[in-house]
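Undergrad: Can you read through this structure? Questions will come right after.
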Amino acid sequence: MHTRTSDDIEDHELESALLHESEKEAEQNSHSVAAKETESLDQNKLLRWIAVNIVATIAIVFINKAIFEDPALKKCQLLFASFHFFVTFGTLHLCSTQRFRVFERKEATIKEVMPIAVAMCANVILPNLSLAYSSVTFYQTVRVLLTPLTALFNFTLYSISISQRASLTLIPVCFGVAFLTWSDVQPADNVKSTSFIGVFFAMTGVVASSIYTIWIQHFRTKLSMTSVQLLHQQSLVGAVLLLYFVPWIDQLPVWSSISGRNWLLILMSGLCACLINLSQFVIVAGAGAVASTVVGHTKTITIVAIGWTISGRSVADGSIFGVVTAIGGIILYSIVSMKDKAEGR
């Protein structure tokens with residue numbers, strides 16, 4: 001899960017997993033419930049699940065932001081991430097039971113999945129810290145850097161390249177994020193801006209997410225697992241691993257001092273994580289990878305727009321140029337990548 005930050009593990013991880021595996025699994029497991037859904041899923045039902053996914057993903061960002069506004073909960077990053085990992089594991093475990101059979105479980109040893117579980121922890125904790133110290137608009141826009149960084153690491157480490165025209169579309173992405181970073185750290189009256197520590201966590205978080213994205217493919221091949229099977233195994237290991245370090249790193253609050261409102265927000269965050277996991281299965285199975293990508297862009301734009309509104313910034317604010325440039329670039333990259341794939345490049 002993202003969730004994902006929390007939304008990165010729920011959204012980014014499930015989306016990455018399912019985009020890699022959905023079509024392949026549908027062919028190989030023709031008798032599974034997931035394959036049957038691909039053939040018979042009602043259009044209205046699909047649209048409802050898409051709406052659920054969009055609403056839950058948007059909601060979890062702002063719910064988590066509200067949770068981290070509490071100084072006590074802001075210092076419980078490991079425990080909060082562990083909670084979401086347990087939610088991810090529970091959701092996937094339920095989906096793999098005999099009753100649902102969305103995918104078939106495959107076991108792995110703790111030693112085998114420990115490296116990617118550690119990477120998954122960094123992939124969630126650093127963006128969560130970014131969300132705690134950044135504006136929502138900055139946090140969400142910076143996440144689009146995941147695409148160019150993943151392309152860079154793939155080329156550097158594995159000599160895997162993308163087309164020249166796809167590479168050119170990533171230039172406005174990087175430029176837009178750079179411009180937004182410069183604008184958002186400038187102090188302004190009555191405007192929620194981003195601190196320098198927020199910028200640090202955002203950038204390191206994107207690097208961690210890029211490495212984690214590349215490792216998903218590596219460990220899938222190494223362990224002969226689908227991405228969903230791998231996520232099912234690593235999420236439990238990651239959850240327990242974080243719990244082990246909680247007493248030494250987190251500053252636990254006096255639980256009785258946590259308001260009823262914040263307890264409700266925590267429960268709502270877990271519910272959103274569950275809904276994101278479940279809906280992502282249906283979207284990719286019923287609509288395919290292209291539609292899922294469009295849904296992802298819709299969520300990014302909506303989160304940025306809402307974050308902009310509540311931040312108190314005006315439309316005339318200079319950082320809007322960075323937001324539009326970055327998001328426009330990533331949408332253009334998606335279009336070019338789809339054309340490259342269709343042309344067999």
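Yeah, the Cβs are placed from backbone N, Cα and C, and that goes for glycine too.
Annotations in TrEMBL come from automatic prediction, not curation.
These figures come from a predicted structure and were not determined experimentally.
Pulled from TrEMBL, these are the listed features:
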TRANSMEM  46-66  transmembrane segment
DOMAIN    48-334  domain 'Sugar phosphate transporter'
TRANSMEM  78-95  transmembrane segment
TRANSMEM  116-136  transmembrane segment
TRANSMEM  167-183  transmembrane segment
TRANSMEM  195-215  transmembrane segment
TRANSMEM  236-256  transmembrane segment
TRANSMEM  262-283  transmembrane segment
TRANSMEM  316-336  transmembrane segment
Undergrad: Have the transmembrane segment (46-66) and the transmembrane segment (116-136) got at least three CB pairs under 8 Å, pairs 6 or more apart in sequence?
TA: yes
Undergrad: In the same chain, which residue numbers or ranges, 6 or more beyond the ends of the transmembrane segment (78-95), come under 8 angstroms Cβ to Cβ?
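TA: Contacts with the transmembrane segment (78-95): 1, 3, 6, 9-10, 13, 67, 102-103, 120-121, 124-125, 128, 228, 231-232, 235-236, 238-240, 242-243, 245-246, 249-250, 252, 266, 269-270, 273-274, 277-278, 281.
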Undergrad: Does the transmembrane segment (316-336) come close to the transmembrane segment (167-183), meaning at least 3 CB pairs under 8 Å for residues 6 or more apart?
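TA: With 3 or more qualifying Cβ pairs, these stretches touch.
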Undergrad: Report, as numbers and ranges, every residue of the chain located at least six residues beyond the transmembrane segment (236-256) whose Cβ falls under 8 Å of a Cβ in that stretch; write 'none' if there are none.
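TA: For the transmembrane segment (236-256), the far contacts come to 72-73, 75-79, 81-82, 85-86, 89, 110, 113-114, 117-118, 120-121, 125.
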